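Worksheet: one structure, shown below.
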Amino acid sequence: MAESVEEILSFLLLHPASRGLAEEECRKVAASGVRIRSFAQDEIVYSAGEIPAAIWLIVSGRLCLASHRDQPRIPIARFGTHDQVGVIELVRGEPATVDLIAEEPTWALEIPHDLAVSLMESLPVLARNLLRDAAVPMSEFLDSSQKREWAKSLAIIHVSQHTRQVTNAVVDRLIDLGESIGRITDDPDQIPSETTFRFSGEETAEIRAQLGKWTKMDRVVLEFESETKTADPQRLSPLLQYVQQAFFVVTPENHAKLETMLSDLVAQTRAFRDKLNVIWVVSAAERVIPLAPELQKMITRHFVVHHGDDELLHYGDLPDGLNAGTERIVHALRGVQIGLALGGGAARGMAHLGVFQALERAGIVVDLMAGTSVGAMLGVTYCAGFSAEFALGSYPSDLKLPRFFRMLPGGGKWYLIWKYRTRGWDPMLRRYFQRWRLEQLPIPIETVSADLVSGEEVIRSQFDCVDAITESINLPQLSPPYLRDGKVLVDGGILNVIPADALIRRGANFVIGVDVASRMEREFAGNKPDTPTGQMRKPSITQVIRRVRQVQDRNLCRIGSLSADVTITPDVADVDIAAFEDTRQTAQLGMAAAERILPSLRQKLHDLDPQLFPITETPGVP
């Protein structure tokens, strides 16, 4: 059955190709012979060797280019809602070298090539839109540095009515940033207006029609509660084809219900997994989210929004009271992921705590972290919600030298050896992290250790917190390695002191590195650069081994810093590696170093997103 002009028009208005066209021009396109096409999951749109015969304007769903030689197929490029495919092929006029496949159920407008040429000749605005949109993916492919993926349409689905404040907070923040937001909601408390549409939850068509009216909006948010009929997988699936990202808001009490819902949804359409996210709403006292491995497998990312107060906890909330969990959601929607790479350096690494404090004071929210050695220990501490101030009080107390070691020359180093040899780190850390796992923490983090069997680094992102830390801090000179799953594990600093590259692989498009190991004392075994040869002292073997490790760390830091956009380098050369009792003073060095680079850091973040990171002169803030 042929589609009516009105139906085709409603689809055309959903696509950016219609931008700037007058109403009569849109009707001309709709009446010209354009077709509405529906592609089932895994359906081939065209195959390698064929000359593509049309342009496809994707209204919902997703298509991907994949090599026909690979089994299973490996995606080369993906095209989602608001994208188009076929203009480049129209210009080339040659057989395709890859397949075009529907990754999920997809609706598109199909414009045969001859018709497309005719329409582009008669409608210059349409030609400009099609050619411009075809050029954007190519430019992103050629320059993927700091690439930002902007979700123009998203769904927020509440498993409980009590979490509606999350949508309000996200929408309010986006509006504060200057975005025009259209909100399609079933919330009875929302008053209909030019930017708010109340829908009945019964028909997909009414949502599609409203989307067509809001093509000029910066972003459209579709919001509803999962108890409504809309959240049934059979009804939810078509809706998700219209959005680029979907966020399911859940509490620890009802996450089992969400797991069942998503299982049914992913069973219908595998590709939905790439757009599914979970927002956990938990009280501050709960600290971490429940362990839900099956749920984690079905989503791309999780976010945590805390409510309530706990004097032991701090999640990097901004000085003006903005919730950091909400800000991380906003970062994701605006295509920003800020990573913080924390380097190793024993007690010198306590400077990281001052860096945390400086970033908080500056209002910079970090989205994910990676840490090596002491960087792993302090990173996990912060990502678990313990404040920098809490760590400043706890770790010096935990690592205070017992009286016996105070009586020994070099007692601090002997105490560290004893701590390692007796596996004393595990019980100390268990008091704080219990049996928590990294994937339960409010802020995602990866830890780095080294495997002496393969000679490769081991990145932990789903692992017991304490085991991940003790592997990463396990100095081979002081402690036997950990033996796990065919791996012989020691301190990750022998391979990757500042794991900025790990953050980039995980999706960070802006990385702040913290280097606490590259600055060395300009003195070794009593020898200085200006010591005459005849007065130089011969170092011991132990001194040489320690110095060799310092030199290696220095050069590894330089390599690690190459992947960071900004590197903070506290001047900790004079801090003894065992001086944990001086943690507060060391943290001050970290804060001072962070404050020195804040102007440069702010400017680079401003270049990434001027609205999210405005440059303002704030009295009293560095």
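Backbone N, Cα and C atoms are what each Cβ position is placed from, and that goes for glycine too.
Which of 201-205, 231-235, 371-375, 476-480 counts as motif 'GXSXG' depends on TrEMBL, and there it is 371-375. Close to Asp491 (active site, proton acceptor) in the fold, though at least 6 residues off in sequence, lie Gly344, Thr372, Ser373, Ser449, Ala450, Ser472, Ile473, Asn474, Leu475, Pro476, each with a CB less than 8 Å from its CB. The list of residues near the motif 'GXSXG' (371-375) in space but at least 6 beyond its ends in sequence, with Cβ under 8 angstroms from a Cβ of it, reads 341-350, 352, 445-448, 472-473, 491-493, 496-499, 514, 516. Classification of Ser373 (active site, nucleophile) by DSSP places it in coil, neither helical nor stranded.
When pLDDT is averaged over the motif 'GXSXG' (371-375), the result is 95.
In the three-state DSSP scheme, Asp491 (active site, proton acceptor) falls into the strand class.
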